[in-house]
C-alpha cells in the first residue's frame, strides 16, 4: 500500500498565535515535498480523527486558567468522553506543539490536556511534543521544532509506505530528533543537513546555501570602544561566522488597483464586533501618579449585549494613523493608499492567502485595521528583510539579529524593547521590502481584552472597564509612544477628562468575551477571597456591585464572607475606586466583609510601623489563618487578577506557604492541595503579562 505524503494540521487558537504557526507549517510543507491540509479544531465537519490515517500535527495554545482555547473546547469534550475505549485512537500518529507562558500557572496546559488524553486512548507520537514559552519568546522552541518536523514526517511516511504493520512505537524513533534539531546539529539518514543554512554576505542568494563572514568589503571596521545596539554589533558577534535560518519562501502576489474604496471606516461586523458609544470616562488616579488609570463606560443598551461580572470585552483598535502614514511613505506608497488591494497566491504555491487580509480593501484600510504593524518582527521576518537591504553593513546586522549567534542581541534589541517593523526600517534605511513581504509576515491585528468592572444589575445597559495608559519611554531603539489600544482609548476620551469636557460622539468596536469560570459562586453563601492590586481590582468591583444588589433583593438569604486584598503605590494617588465606586462604602454596608489594603511606596506613618505590609502577598500572610480557613474548611473560592509576571507568582507562592503551615505539610503536598483547588475551580486567575 502506498501512502501519499499528505498530512493534516489541526490548530486551537485563542488570540491567533497558534493559527499563525499552523499556517506557517502549512506554507512550508510544499518546500519539503509534502501536502498539508489545515483546519481549526472547531471545524469538526472538516476532519475526523476517529478515522484519520494520515499523520496529524496539532498546534494548541492555552488560555485562562490553563484551559484549552475556546476553539478547542468541543474537541476536548469529545475526546474526554468516558465511553471511549482505551485503544480508540490506536490508529493515530501525531505530533503536538503546545503554546504557553511560564508567567502563568499551568504552563502549556491546553496542549498537555489534549496530548495526555490522546496517549490514554492509544495514539502514538511520531515526533516529540514541543512546549513553546511566550514568556521567553515562542520562536526559541517553535523554529527548531518546525525544522525537525520535516525529518520526522519523512520517517513516518517511510514507515507507512513500507509496511501496514504499525505496532512499533514511533515516538521512540524520533524522540531525540526535536531536541537535537534545537541545536541545529543533526543530519538525517539521507545525509541531508537540517542544520541552519550558512550564508555568505558577499554572495547572498535566496536559492543557495552559503556562509557569512565579517570580512566583507561592505562591512565597516568597528572600533572596540563601540557598544552593541540595534544598528551595530561588537566582537565576538561582529567577527563570527553566522548560522542564519533559511530564507522563507515567498507565496503572495499583491496588486494595487486604482478603484474607489470610499466608505471604509472599520472592519465589518462579520466577526461579531459591534460599534458601541463611550458614555462616560473618569480618571481614577491623580495627575502625579506613576500610571494614569481611566475608567470607561460603554453604552450597550441598544446592542442587547448580556454579560456577567468576571467576563471581559474585546476592544478592536486601529494602528496609529501617523504610523500608517509613515509606513506608506517609507514604502513609497503614500499616493496609492486608497487603491484596492488584490492578493493572490504565487504560481505553484500550496499556501493560503491569510484570512485576515480582505480582498479589495484599500491599502490604508488593511494597514490600519488588519495587520499588527506594532508587533516585534520574528526572526524569519528579519531574515527576509535582510534580502531587501542594499547596504552591506545593514544587511550584515539584520542577518546577525536573526542568526543563532545573535540570539542575545535579538532578545535585547528587538523582542525585549518592543521594536516594530517601522523601528527596523528607521534603523536600516536601505531596507526596501515589497508590500507582499509585509502581508506574508505581519500577524493579524488582535483585539485587546479588558475585564468588566461593573454589574448590569447596578448599571443596566452599561459596561465599565479600567485600563492603565501604557507608556513606552523613548530609548535608542524607538521613540516614546503609548500602548496601541490604551493610547487610542485615552485619545478618545481626552476631552471628557478635561474640566467641563463633553462626551465625544465616538464609537469603538467591541465584542463580549464570556468567561467560563471567573464568576461569583452560584451559591451566595460560599465565602470568597479576592486579590486584585492596581487595575486587577476591576472585575471585583463588578463582583461587589452584583453582591450588593443581590443582598438588597434577598435580605433573608445567607451570604458568605467577602475579602478583598488591594494594593497600589500611594494611598492618595492611585487608590482606585476608593471614591468613584466607593470601596469603603461596600465595606461599611457589609457587602465587603474585609477590605485589606497596602501602599508600596508610601512612607511609614508617624508611629513608624515596623514590617508594614508592602504588597498584597504580605497582607495574605498576615491573614493566613483566615485565608486557610475559608479555602480548606469552608470550601471558599480564591480569585486573583492582575500581573502574571510578578504578583500572581508571589501570591501563588504565598498560598503554598499558607497551606503548608496550616496543615503542617511539605511544599510538594501543598502543591497538590493547590492543584486540587484549581481543579475544583476554587482557585481562579484572570492575569496578564
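In case you wondered, yes, glycine gets a Cβ from its N, Cα and C as well.
No curator has checked TrEMBL annotations; they are predicted automatically.
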Can you identify, from 146-167, 168-189, 190-211, 212-233, the stretch that TrEMBL calls region 'Disordered'?
168-189
Could you tell me how many residues in the domain 'Flavodoxin-like' (7-150) are helical, how many are strand and how many are coil under DSSP?
53 helix, 33 strand, 58 coil
Averaged pLDDT score, the domain 'Flavodoxin-like' (7-150):
91
